[in-house]
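Chemist: This is the structure, below, for whatever I ask next.
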Amino acid sequence: MEALDQSLSPECRVPGSKLYTLARLKAVKAALKEKRPIHVLSIGSSSAGLGASASYPVKLENALEQALPDVQVEVEARGLPGEVASGAGERLRSMVAEMEPDLVVWQVGTNDALARVDIEAFGEALDESVQWVKSHGIDIVLIDPVFTESLADDAYYTQMVRTVQEVARREAVPLVHRYAAMRFLSTQRTTEAHMLGRHFRLNDLGLRCMAEHATRAITLSLLQPESAKEGMKDGIKDPGKGDAVTADHATSDTSKTDPAQTGTPGPSPVPKQP
Amino acid sequence: MREPNAIDFWRGFALVTIFINHIPGNFFERYTFSQYGISDAAELFVFLAGWSIGLATRGRDGLPEPRLTTVLRLLSRTIEVYRAQITIMALALAMIAGCALYLDNPLILEWHNAGGFFADPIQTMVGVVLLTHQLGFFNILPLYVVLIAIAPAVVLIGRVSRALLLALSLSLYGASLVFEWNFPSWPGEGDWFFNPLCWQLLLVLGFLSNEATRESERLQRLWRRLMPLGIVIVAVGVVLAVLELRPDPMLAPEPRLVFTFDKTYLSPARLVHFCGMVLAFQGVFALIAPHVGRLARFLSGLGRNSLAVFSMGSLLSLAGQFVRFQTGGGIFVDISVVGSGLIALGFTAWFVEWRSRRPRPTRKAPDAASPADAPSSSPSA
């Protein structure tokens, strides 16, 4: 069995391949080089930016600042009402235009899945929105929908999750496999109980871990080489046309230079130019 | 109970459209007018609210009622709308929580901005009563509370000078667009979905249109002559909506919101499109009413009882979303969900009127029964 990612909190540990697909993040890298603070716009159902310190956006900010020492990270969070398939993409554009972030972290698919929108329309609209964000020189990371056992055999829902993955692959943007990670966590034995039953326990755990998982995908994506050529030099296999590198390759190759992995404050995660 | 009329009819029409649009993904959604233009039923609803305020604050003789009466009437209406919003929020959150428990499915807790409430109830509960925590689809009434709360000022300034009222309203609208002023959300970050500082303009326009047309024959003729312009605007709206042509907010020059199609800030494009709709459809009710008596009666009934119908509609569309989610949707589910919803809305309107018609049991001597028990015939704001 593949080893668990030891850089994560014990209860959130998941093998790398179940956790992320990596791709390059040019805008964030540029901000790091210029030693600017990184502006992150976190969008999605549990991203309403709650005041409590335990909430996801606050955790994301803390986790990113821990993983990127000496870098200031500012996370702005917004809920995104409505479905991507019918107009939420338009609101996303307004928000991005208003805040002009370096990076958008988009937890996507929940509202569309709840409305059972046409999956093809969802995929197209999501693809368009991702393209739009990229076309303005802004990085984007997608997070796919939650895993919950009552929908484990729901063909529509799993198709939805696959569609998010396909769009991430096609557009070569990093993806946090929230679904796969939670499914993995659901198989782990635990003594922790939840008064509403184990599905709700898993949901809480998923929320607790999401910031760590997203941070891991972002920091490892920052270690991606600038271009395919350099990738070959660095010894990282670049699969064909796409920029996306599957997580298990990336983790083995980058573990030495990754500050988050060793837990000691390392150098800035921008790879040195040859 | 007043006879079917254009205002109640279009209000009922807006309520039905909002009900259908609030069950996203359903079959009938693509046949609502919201899909064929830049503005939608929300604009219509707010404009007609302004129009009705003008009617409600005049006596039967058409003369303005005393100022204090107007202030108290609108204050009482504000409380009613606020009470409705708190009630439907409580019921909606309970429906979401109950549904998640019953289906053993925590995904439902993340329904359109509800996640915040369940993750962080201490602060969010305060946000709910302050109207700064809003659920998706439950964000029109908070706007309405603010608009009715400022309505006394609108009416009283309007009685002094209509030009002054319009100038003040336009300045506030313009400044909010340029400086991106909005009411904040709390505890979640961000702003209100419907920005009251911008949407107040529609209320004022509705109020002023009613005030101005009631007196001036010439103005009425002018409206009619502008109908072709309205039709052109509507046609352009259809083309833009169908081809999905809209400005890219990142490329729009500053002040950005003046040029984009933004719902929150009621950007000028939406406003112009809505005014075009009013001009184009101003005569439609008179034209079709004789031929669609039942429909006119049904929609007018909904419009007369708009607050109750809107509140029930919000809850029914939420229930409809859950039914569609759990059954997987499909045309038969959509027909039953929308069909039974419309029947329930019709019943709501009928029931509200039945309740107000019924003589209430009173402990006073029979001869002391107050005439206040008689149904109010003045249109509600």
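Placed from the backbone N, Cα and C atoms, the Cβ positions cover glycine too.
The compositional bias 'Low complexity' annotation in TrEMBL covers B:367-381. Residues or ranges marked as region 'Disordered' in TrEMBL: B:358-381. Taken from TrEMBL, the feature transmembrane segment applies to B:81-103, B:135-156, B:163-181, B:193-210, B:222-243, B:271-293, B:305-325, B:331-352.
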Chemist: When you check the transmembrane segment (B:305-325) against the transmembrane segment (B:81-103), do you get at least 3 Cβ pairs under 8 Å, counting only pairs 6 or more apart in sequence?
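Modeler: By the criterion, they touch.
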Chemist: Using a Cβ distance cut-off of under 8 Å, indicate which of B:81-103, B:135-156, B:193-210, B:222-243, B:331-352 has the most pairs with the transmembrane segment (B:271-293).
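Modeler: By Cβ pairs under 8 Å, B:222-243 leads among B:81-103, B:135-156, B:193-210, B:222-243, B:331-352.
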Chemist: Can you name the far-off residues of the same chain, 6+ from the ends of the transmembrane segment (B:135-156), with a Cβ under 8 Å from a Cβ of it?
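Modeler: Here the qualifying positions are 18, 22, 42, 45-46, 49-50, 53-54, 57, 67, 70-71, 74-75, 77-78, 81-82, 84-85, 88-89, 92-93, 111-114, 165, 169, 183, 192-194, 196, 199-200, 203-204, 207, 310-311, 314, 317-318, 381.
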Chemist: I need to check the long-range neighbours of the transmembrane segment (B:193-210): which residues 6 or more away from its ends have a CB within less than 8 Å of a CB in the stretch?
Modeler: 42-43, 46-55, 134, 136, 139-140, 142-143, 146-147, 150-151, 154-155, 158, 162, 165-166, 169-170, 172-173, 176-177, 181-183, 263-266, 271, 274-275, 278
